[in-house]
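As recorded in TrEMBL:
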ACT_SITE  A:Glu353  active site, proton donor
ACT_SITE  A:His384  active site
ACT_SITE  A:Lys499  active site
Number of protein chains: 2
Amino acid sequence: MYKNFTQTKAFSGLRRCAQRPYDLTRKGALFEDDRLQKFVCRSPLVNLHYGTQRIDHHVLQGLSDMSRELELVEQFKALRRGAVANRIEGVESENRQVLHTACRDLFSALPCHPEATASAAGQLDKLASFLEKLDSGVIVNHRQQRFTSLVHIGIGGSDLGPRAVYEGLKCYGKEGRTVRFIANVDPDDAVAVLSQVDLSTTLVNIVSKSGTTLETLTNEEIVRAALKKAGLNPADHCIAVTGEGSRMDNSGDYLETFHMYEYIGGRYSTCSMVGAASLGFFLGMEQLKQFLEGAALLDEMAEEERLEQNIPLLMALIGVWNHNFLGCRSLAVLPYSQAMHRFPAHLQQCDMESNGKSLQRNGQPVASTTGPIVWGEPGTNGQHAFYQLLHQGTEIVPVEFIGFRRSQSGLDQTVENTTSQEKLLANLFAQMVALAAGKESDNPNRVFPGNRPSSLLLAQRLTPKTMGALLALYEAKIIFQGFVWNINSFDQEGVQLGKALATRFIAEISKRESDPDSLENYFLKQL
Amino acid sequence: MYKNFTQTKAFSGLRRCAQRPYDLTRKGALFEDDRLQKFVCRSPLVNLHYGTQRIDHHVLQGLSDMSRELELVEQFKALRRGAVANRIEGVESENRQVLHTACRDLFSALPCHPEATASAAGQLDKLASFLEKLDSGVIVNHRQQRFTSLVHIGIGGSDLGPRAVYEGLKCYGKEGRTVRFIANVDPDDAVAVLSQVDLSTTLVNIVSKSGTTLETLTNEEIVRAALKKAGLNPADHCIAVTGEGSRMDNSGDYLETFHMYEYIGGRYSTCSMVGAASLGFFLGMEQLKQFLEGAALLDEMAEEERLEQNIPLLMALIGVWNHNFLGCRSLAVLPYSQAMHRFPAHLQQCDMESNGKSLQRNGQPVASTTGPIVWGEPGTNGQHAFYQLLHQGTEIVPVEFIGFRRSQSGLDQTVENTTSQEKLLANLFAQMVALAAGKESDNPNRVFPGNRPSSLLLAQRLTPKTMGALLALYEAKIIFQGFVWNINSFDQEGVQLGKALATRFIAEISKRESDPDSLENYFLKQL
């Protein structure tokens, strides 16, 4: 039923274009046809500047034709309306809908999937009422004190997205409230976090869709033991976010339980209760809703048919251009904002777990390489670290820059006639030009080959709404790329073997004896 | 004078081996010839397990021959003894010695470069005396209170290494002492850190070799202004680490000044005063010396001629095998230790800034691809994030795992008959086996192709000494790889163009007017 991009009519034309991609190093190349002005997609929350990519109007037309042939926007629309998009034909697969977008489809009179949105709204109402009881002092600790701190326990999708958003919005928190995260089964992770909090005024939010995640259950046990040791009743401190009917869905053990649903994958779950519960505690309902609204606006944009008006689709197709036509196998996401320091780690998960696949949705091997290696650190820090390779290395790494016109705090200082925020952005723009244009030199060690493509997502300020928009933008981008490669971006069978083997190893350790000829034995002897 | 690896006699044999590399997925392949037992390099501080690499004795012999032909160990010995290794023949280059190893060559009666080690020892003595004055209350704030907190201001090499080590050794700090870091020119970075400290009991350590780093000078100004605003005298709170004679080397402005030397590159400077001053404040001199001693032990090991006894050399050559012979262009470093969470970011800098190069030391273009893209996050977290791609993606990513037999705190809890530390290691071992051996299945979506190579660095516990060893191990590994590719791993000309353009952009902004036809103007209009 679905095609991959190599089966489209547009493919061969794009391949021809890729033999001589636009040369950004040619004198005047960045100014030609006002490309920097024209290759911009504007939207109320964020603009995409892509004039420093190795594309021209032919390539854009080819990508647009490919998009239409593959019905990318139609597929996205169908997904939001409840299509069983998590599926591989002809083999056993999860066969689920993909409805994370429903969690934020709260701002339109006609939500795309009314039932899923109603469930999400119901959970949000439950959260609002719970938070109201915290605010008004109806829910307090056994000494009648307010809860000021929250420990969020989850891993993977139940950790990286919520943590990236929390870090990004740390300066928007309600007075006196903090959130800390425990994810790793490494006991030192829990020890370090527990040493930082006063448990008596701490809520513990345990997040596991299945209710069976090894790390999360183990850390829950550790924190419950610490609560008991401190003379506290865990059921007065713990809340849960889990699937309906999971073994964690047990009201006796928790002060409150929130639900997430099977049709929301972990790495896409930040806007569900997985992120919303802890973020709501920290930001309050009003700002949480702004965050969701920003995400909803980008979901709307992703339904725009015209490529040049659809930022996630543009980024997806430019990504495919760089990856499959120009041969760049990794992608750096470089936010010029210290608050965004965990956003690349979230994207690393969302992208690599979604699209690090080798099987098409029709059960056949993929026709090309798929998901890139995604990595990144904030600028300007990275400039003093790995940018050497970006400029002069033998690998060409496309870059997605993220920038904000204004700082979050607004506090700044003018040193030598410019503010730090101005210096930050000047550096960002300088990097885009340097990567694209390069520089000649008589000294071969000072030659910059240039033609290293980048884009810039530029927003006004990192607010809850902008953060929601960036989150949803990348989710949609990743989903569009999955459609292009014709893979199922919503399962993760690739993590099962390691999990199964770990279970076997743990069972061996727990027996304290192991088959002398086994792999386990070899490794356990190292302990 | 120097060759690259493609010019060695061993090269063609290795190329032949690479056409049919060892098949880890064959039944019994992991047990054959006791490879898991034999492919281990043991040392007092850390062992390297490399039986899950796609190598056999032929490949090892070829790599060993290559190493001898290229005189890798001789080159490393020469470097420690003061060779001008930061150099490119026939063109203008830095022409400097590379003597970071001298900073820790303090434990032998005959240091390799006595003069550089004497300088380093002198700085350490100065530090010891400064710290003693802090401990004994000779240096206090204007209210006679002790300094308990330190803000470290630096970027790149003056940030990532010290920060990674601090995070790794956080649980070893002197009672009540904390260190925080400001790096980014993003004003929100300084605002966030300053909101967390009581400036009156805070030392500020400004670290810049040149004394001219834009970000660091700007952040110094911001922190000095904050100190003044709090009614404090900056000269009573600020210390500096800088090159002798730099514009920061001005005793009137600082409580104390420590020196670093031209022959120590930023990314290799963690063991110099760049890291030692802040780490010494936090850990105390005794533990700082253990850290240095661990590093010194690994420098010694890197001089071992026998490949199978030299961990950094083994890792370097196995890395070249995976990168240049098997075609894997990136490298994941995955520590199974939450405390090591910033170590991959440090390595990303150390490796990619050193070896992301396109020019040989003889001024000719490189003969092969050079430095890989290095990235990573702690396990088990990553298992729930990007491991899908590692197992089933279309890119093969070699992995360097790092593990510790015991947790740092020793605090742990038995849940279902195993401790968290046991679960952590069971997961690590399971991943090595899963990546190597793979798994067949009737369901094509559950097929694991295997043959994905990994190594394991296994140490007893993450202590100051182990941390020093791991740091030096990777430094030596990176340097060996530079020798193999015949590149200069010690300059960073690739960061200059971006810096120069940023200076131009900042100048334009500061004039508040710009040439309407300029690139600057285009970008500045976005602000």
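From the backbone N, Cα and C atoms, a Cβ is placed for every residue, glycine too.
Curation plays no part in TrEMBL annotations; they are all automatic predictions.
Location within the structure of each feature annotated in TrEMBL.
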residue  : record                    : Cβ contacts under 8 Å, 6 or more apart
A:Glu353 : active site, proton donor : A:Gly156, A:Arg267, A:Gln492, A:Val495
A:His384 : active site               : none
A:Lys499 : active site               : none
Check your understanding: For A:Glu353 (active site, proton donor), what is the secondary structure by DSSP, using just helix, strand and coil?
Key -> helix
